[in-house]
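Take a look at the structure below.
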C-alpha cells in the first residue's frame, strides 16, 4: 500500500466532475463574454448618466459655438490666434472633465468586484477590459456631438482632413481621461481619497499642459511634469493641426516677422511648430490610454479593499463577550457601571434574548424635571392621499386613495401600547398622523390631548417621535447629542445645572452612560451599533421631557439580544409615567409580552383589536379564539405570529367574515368608545396646553446652539476640514513653485497671460473643490435638520445661519495659507493695498464657491443631483471667466452673462488690482501694461472697488438662497 501511495495519481484518469482542473469555472473567452454582457447591462440600466452627459455637451457646445462664433472670430493678429487657442482648450477641458463621472461609477462597483474576485468568479482582466472597451463607442458619440456642433460654427480650418484629425484627438483625450480616473478609483478605493487624487491629477494635467503657462516659462524642476502631462501632447497636437492649416498661412506683418500668422501664434504660446507633433501627440495619447487601462487592471488585481470602520463596543458588551468566552458568571448591571445598584436593580440578558424584559424600579428615574402625564385620544380618523396616476391608468376613477378608514383609540400614561398589523395596514401612517409628521394628504377626524383639541405647534413641545431610521449628526458624541437636544427643547426656566442632571439621568435610564464619549458615526459605517443608535434616538427624545412618545419600529433590524436591551429602555421609559406608543413588526414572545395594550390593524387601515394583552397575552387569545372558526393557538407558539396568521385577508375569505366588523360589534369596541368619550372630556380644573412662543428657546439661543453643534461636527471631521487644508497647501506649493517669481515679470504679453493663468487655475480648482467637498456634509446634516425641525427644536434660519457661519473661519484659514504661500512664491508686489485686495478676493471667492455648493444641495433632493447641477454651472463659469475669451471679445449677446458669472468678477478684481495701475512698464511692442490690460481684457483699476462689492454680493446671495431653500423646500416626503 505504501508503494502505491508514493506514486502520484495521474489526473488525466480523473472523472471530469471529480476535481477542478482550472482556477475558474469556464474558459477565458466565456469569462470575457459574461463580463462584457454584465457591463453592457449595467450601462443600459445606468443610461441616465450617459444621456445627461450628452445633453450637457449639447448645452455647453451651444454656448461655446455662440461665444466663439466665426463672424466674431478674426485672423488678423496673434491675439486673435490666442482666442482660437482658448476655444480649442475649452474642447479638450470639456472632454477631460466629462470623464470625471468614471471615478464615482468605478468606486461604486468596487465592493462587488472585490467580493467576486476573491470568490474566483473571474480574473481582474476579464472585469477591466469590458469596462474600457464598451466606453470607446461612448467617447466617439460624445466627441461627434461636440465637434459637429462647434467645429465649423467656431470657424476652425475648413479642411475636412483637419476636421477628422481634430475629432480623433478629442476621442483620444476622452479615452485617456476615462482611463486615468478609473486608475485613480482603483488606487484610491474610497470616494474622498479618490476625489482628492482626481483633483490633483486634473490640476497637474491642466497647469502643466502648456496653455496656462507657456513651455518656455516652466521652471527646470517642473519641466518633467510638462513632458509627462497627456494634456500637453493633446494641446500641441491640436494647435499644430489648426495653426499650420491653410487659413493661417498669411504673413501679417513682414517687417516684424516672415513667419506665417499660424507659426507666430504657436511660437507666442510656446507650442512646437513641427507638423510631426500631431502624430507625436496621437501616439503619446494612445500610449497613455494603454498605460492607464493596464494599470487599472494591475491595481484591481493587487489591491484589496480599504479597511472598514468599527462599531463602538460598550463595556457591558465586552463583559458579556468575556462571559460567553470564559463561562464565568458575571451579572450585567441595568444602569451601566453603577456598582451601588441594589440586587433588585440587576437584570441579565440571555444570549438568545430570552427571559422576561422588565425594568427595575424606575418610577422615580428620569424624573429630575416634572412633567404632566397626558393621554391622547383619536376618534374616526380618516387619512387619504391623491390617487396615484398609475392606479388611475388601471381604470380606478376615485380622486383619493384612503389609507386610514375611521380608526379610533386612546393611549394613556404609564401604558405601553403596541401598534401592529401586516405590511400595508397603516401602522406608521396612523402614527405619523397622530404625531403631526405628515407633509401631505387629507386628514379628517378628532384628535384630543387630555380632552383638548390637538394643536400641532404646542403638541410638538410635549411629544417625542423616535424615527425608525435613527438620524443623528455623525460627528458629535452621545453626550453632546443629548445636551444639544435638551438645550433647545427644555424650557428656558430650567437652569444649566438642572438640565445637565436631567441628561445624566436619562442616559442612565436608557443605559448609555458607558457610551457618553463615543462618536455617533454613520449607520453601518462606523460609530454606534444599530442597537446603541436606537437607544440614543429614544434618549434624544426623552431629554425633551415629553409626556407622549411615539416610537416607529424600535426593534427593527436588531438581533434578539439587542432588541431585548432596547425594549428594556422602552419599558423603563413607560415606568416613569409617560404615554408610549410603538409600532412593532414580528416581535419575539418576550418583546410582545413587554407591552400592556395592543392596537391591531388589518390591511386597508381598519382596526380589528384594541385592548389589553393580559398575562401571557390571555385577553388577546381569548378574544380571537372566541370568534367561530378561528384555529386555537398551539402551546408555546408566539401569540404575535398567531394573531397575524389568523387575521389575514385569506382567513377572512375562508371564514366568511370581516374582522373589522366583528370588532365593531364587540363589547370591547363599546368599552373603547366609552373610554375615548371619557378621556375626550377635560378633567375638572385643567387647562389647555399653552406656550407663549413656538420654540422653547429664543432665536439667539437657537443660533448659538446650532453653531455649537456645527463647530463640534467640523472639528471632529478631519476627512473634510483637514483634507481641505492639506489640498489647499499642496496646491499653493505646486502653484508657487510652477509660477515662481513670474509675478515680477510684466515685460511681455505672455508674462501677463502666465500670471492670469495662475489666478484663473487657483480660483477654478480650489473653488470647485470647496463646492464639491461641502455637498455631502450639508446633505447629511440636512437629513438631521428635517428631524430636528419637525421635533420643534428650532426654526430653519438658525440652522442655516450656523451652517453658513461655521464655514467662514475655515475658509479664512484656507485663504491665509494659500495667499501667503502663493503671493510670496509668485513674487507679486508687496504693496499693502495689492496684498489686501488679493487676500480679499481669494477669501470671498473660496467662500462663494462653498456657499454655492451648499445652495445646490438645498435646492435639490440629494448631493448626487446637486453635484451634477453644480458641475454644469462650473463649466459655464469656466467659459465666461474672462480667461479663455476676454470679456471684450465675447459677442454682445453673451456679454451680459459675463457680469452674471462670479468668477469673472473675481478675475477682474485680481488682475486689475495687481496690474491695472502699472503705467511705467511697457510691453515688447511699446504698449503700457495698464493700457493692454484695459484694451485686451477690459479691466480698469478704478473699478476694483465695484468688483469687491460684486464678489461680496455673490457670497451673500448664495448664502441667502441656501437659507431660503432650506426654509421653503422640503424633499422629505411622508
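Every residue, even glycine, has its Cβ placed from backbone N, Cα and C.
Predicted automatically and left uncurated, TrEMBL annotations should be read as such.
Feature list (source: TrEMBL):
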- 48-69: transmembrane segment (TRANSMEM)
- 81-101: transmembrane segment (TRANSMEM)
- 132-154: transmembrane segment (TRANSMEM)
- 166-185: transmembrane segment (TRANSMEM)
- 197-214: transmembrane segment (TRANSMEM)
- 277-300: transmembrane segment (TRANSMEM)
- 376-628: domain 'ABC transporter' (DOMAIN)
- 725-743: transmembrane segment (TRANSMEM)
- 755-778: transmembrane segment (TRANSMEM)
- 798-823: transmembrane segment (TRANSMEM)
- 835-859: transmembrane segment (TRANSMEM)
- 896-915: transmembrane segment (TRANSMEM)
- 943-966: transmembrane segment (TRANSMEM)
The transmembrane segment (166-185) and the transmembrane segment (277-300) contact flag, 3+ Cβ pairs under 8 angstroms: yes
The transmembrane segment (896-915) and the transmembrane segment (48-69) contact flag, 3+ Cβ pairs under 8 angstroms: no
Stretch in 48-69, 197-214, 755-778, 835-859 most in contact with the transmembrane segment (725-743), if contact is a CB pair under 8 A: 755-778
Beyond the flanks of the transmembrane segment (755-778) by at least 6 residues, Cβ under 8 Å: 195, 199, 202-203, 206-207, 211-213, 717, 720, 723-724, 727-728, 731, 735, 738-739, 742-743, 746, 803, 807, 811, 814, 818, 822, 826, 842, 845-846, 849-850, 852-854, 856-858, 863, 866-867, 870, 874, 878, 881, 883, 903, 906-907, 910-911, 914-915, 937
PLDDT averaged over the residues of the domain 'ABC transporter' (376-628): 87
Chain residues in Cβ proximity to the transmembrane segment (277-300) (below 8 Å; excluding those fewer than six residues from its ends, i.e. six or more beyond): 113, 117, 124-125, 127-129, 131-132, 165, 168-169, 172-173, 175-176, 179-180, 182-183, 186-187, 230, 233-234, 236-238, 240-241
Candidates 48-69, 81-101, 132-154; stretch with most C-beta pairs under 8 Å toward the transmembrane segment (197-214): 81-101
